[in-house]
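S.K.: Not my notes, these are from TrEMBL:
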| type | residues | note |
| --- | --- | --- |
| ACT_SITE | 271 | active site, proton acceptor |
| BINDING | 138, 201, 202, 240, 241, 242, 243 | ATP binding site |
| BINDING | 241 | Mg(2+) binding site |
| BINDING | 269, 270, 271, 314, 315, 316, 370, 428, 429, 430, 431 | substrate binding site |
| DOMAIN | 130-452 | domain 'Phosphofructokinase' |
| SITE | 242 | site 'Important for substrate specificity' |
């Protein structure tokens, strides 16, 4: 997008002119010179209200880095057409909904990001590029799809032949031998759940990891630049929020050592709690699988006298799976998520609500995210201090606790009446399944976006969709952001209207 003086004037005028300016900017032709430099194209943003969140580039600390013409020019099956290559002027708005009255703050309405996709100039020679792919943290539908598409995309699009999988997460960099990957080997990986490369939590030793990346090989291009050979020019890290924080440290150390190594992260968390991007891969599959658990709970509850079907879904700090599964199912009577508090006893409490539902319908279905109500569960001092290998607090089983509390409540208040609670925890069933069709497609687009970005010299970035368009987002920005359920917006109001559950605010 090119900002002209006229366009700049419109952008500084009224909100109506702002939208007119955006429309004009999108339709303006790009520079006739497809190799417009970063400096020139990004200077055009100085006279407009947009704040470009620029991803780091290898030339930021290696200014003399050699560039190459994109290999796609010679690819007979992927030959670019006019306008195929993106430039630094192609941007994506983070905020597309703006209150024209000015009553409500638009927050990040000025933030824009570089659009993901192929560039005409690349900064890696595919014939000598060596790639590392690592998966970290918990399982998620689509992990194998991302690995497969990274391998196939690097091999078929850019002609990269040295691609390695790091086994067993971060610790695999320094404790295991890497696995050489090729399209034939990964051909059917997208049909498998989990990760063939294996994963683990913890094991993050920054200097061991970067030392291993730097010392494992014979990269001539990098040795000429920094005086020591490097095994990997490109590192693709697939993981959730904890993994992304580790990726930031790896990227910072690589920058400090001035290594010619591109680092790209692909956000993986089934909870969908990664900030800025529209959603993380595997989330749609998780919601779809959650439906099966809710359906089973409904059948069990409906088939019993005073039956309650209790389903615990994934969601440590956010309740997106529980929310979307509730909206999709329409059989849920109450949805409890970490972003809202609830209480059991008294007027407006959960017990009063469920008793009313049981009298009306004879059954009820209760969905709870794993992070909901954790402050209500009794625990010892030792349990309060307990942490997992990633440093996260260890949560107690809110589903088992709720089941016990429900039984105690009913036996106390209705000792002579039948009552049944069927508790279903589909956590590992949801995590371990292969990705569905939409997530498989999504994983492919993420992988290809990452490949194009790293080959173009971008580093320390996350690729993901913003308002439906794929962008390159600085890794540090994503690692610090959080995607929580906004209980003040329309989606949560929709949940309340579907379930008719109380707001759990003590009067």
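The backbone N, Cα and C atoms fix where each Cβ goes, and this holds for glycine too.
Automated prediction, rather than curation, is the source of TrEMBL annotations.
Model, not experiment: these values are computed from the prediction.
Could you place these features in context, so I can see how deep they sit and what lies close by?
M.R.: All protein chains considered, the CB of residue 271 (active site, proton acceptor) has 28 other CB atoms within 10 Å.
Within 10 Å of the C-beta of residue 201 (ATP binding site) there are 19 other C-beta atoms, taking all protein chains into account.
Shown in sequence order, 269, 273, 274, 479, 482 are the residues of the chain, 6+ apart in sequence, with a C-beta less than 8 angstroms from the C-beta of residue 241 (ATP binding site).
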S.K.: Considering only the recorded positions 202, 240, 242, 243, 271, which residue has the minimal Cα-Cα separation from residue 370 (substrate binding site)?
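M.R.: Ranked by Cα distance from residue 370 (substrate binding site), first place goes to 271.
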S.K.: Taking only the residues in the domain 'Phosphofructokinase' (130-452), give me the average pLDDT of this model.
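M.R.: Taking every residue in the domain 'Phosphofructokinase' (130-452) and averaging pLDDT yields 89.
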S.K.: Tell me which of the recorded positions 271, 315, 429, 431 ends up closest to residue 138 (ATP binding site) in space, Cα to Cα.
M.R.: 431
S.K.: Test of understanding: give the count of other CB atoms lying within 10 angstroms of the CB of residue 243 (ATP binding site).
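M.R.: Result for residue 243 (ATP binding site): 27 neighbouring Cβ atoms inside 10 Å.
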S.K.: When you measure from the Cβ of residue 315 (substrate binding site), which residues in the chain that are at least 6 apart have a Cβ under 8 Å away?
M.R.: 271, 273, 321, 322, 337, 338, 369, 370, 371, 372
